[in-house]
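*Asks:* For reference, the structure I am asking about is given below.
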Amino acid sequence: MVIANKNIIFVAGLGGIGFDTSREIVKSGPKNLVILDRIENPAAIAELKALNPKVTVTFYPYDVTVSVAETTKLLKTIFDKLKTVDLLINGAGILDDYQIERTIAVNFTGTVNTTTAIMSFWDKRKGGPGGIIANICSVTGFNAIYQVPVYSASKAAALSFTNSLAKLAPITGVTAYSINPGITKTTLVHKFNSWLDVEPRVAELLLEHPTQTTLQCAQNFVKAIEANQNGAIWKLDLGTLEAIEWTKHWDSHI
């Protein structure tokens, strides 16, 4: 997908990986970048606007844990203004295995609900034009960091959901792919809690191993957007971008 002149909605576009990715997207010249985030950051929005004055950057407060109905209402406001949206990026995520319910609500249910809501506008069975979804998942969806099993499971669920969306594209007209960052230097990983305190030093131990910067991740994220491969499972690790092959162990045959 050529980013230039496109309309993009980015959920959690002001976070660690999210903000650097927003910067890279703005540099590529979309027509509109609509950022939905829980906490407003006027300085960050101003920076994005200054980076490329030709791009219209707007912000709406949004908590992904709200109902599908509330999300649909917000999206209607956006669609009424823009008329069309080309790409939805679902990027909300937390890493704190003390907060079991919220981890699942943000990392998985929020992605499902936001996706479900946008289908009201995109689903070709309802006369919609189709669209593209990029879901930020994680390499922990491939193989868990077992000290944070709740986080890892939530990302595995988001990845499975995305893979199903891609297979449903012939029915809905909506394509999808997953963005799976490796360990990236963000505030998310500098301090976080393991499940039941099974490893109090989990963050420290994790950062003893090679990582990547948010800029490296963001630059590869934009490459994945441009590649626009339905069903792709992108691994963004140590500054590299790789489409991985998913091993099939079972098939429903339906």
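Note that Cβ sites are derived from N, Cα and C of the backbone, with glycine treated the same way.
Per Swiss-Prot, the features are:
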type: ACT_SITE; residues: Tyr151; note: active site, proton acceptor
type: BINDING; residues: 10-33; note: NAD(+) binding site
type: BINDING; residues: Ser138; note: substrate binding site
*Asks:* Would you identify which of the recorded positions Phe10, Phe19, Tyr151 has the most other C-beta atoms lying within 10 angstroms of its C-beta?
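*Replies:* Highest number of other Cβ atoms within 10 Å: Tyr151.
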*Asks:* Which of Ser22, Ser28, Lys31 (the binding-site residues) has the most other Cβ atoms within 10 Å?
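*Replies:* Highest number of other Cβ atoms within 10 Å: Ser22.
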*Asks:* What are the sequence-distant neighbours of Gly13 (NAD(+) binding site), meaning same chain, six or more residues apart, C-beta distance under 8 angstroms?
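*Replies:* Set apart from Gly13 (NAD(+) binding site) by at least 6 residues yet with Cβ under 8 Å, we have Phe19, Thr21, Ser22, Leu33, Ile35, Leu36, Asp37, Ile89, Gly91.
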*Asks:* Hey, of the binding-site residues listed (Gly16, Ile25), which one tops the CB count within 10 A?
*Replies:* Ile25
*Asks:* To the nearest whole angstrom, state the Cα distance for the pair Phe10 (NAD(+) binding site) and the residue listed as 'substrate binding site'.
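*Replies:* The residue listed as 'substrate binding site' has its Cα 17 Å from the Cα of Phe10 (NAD(+) binding site).
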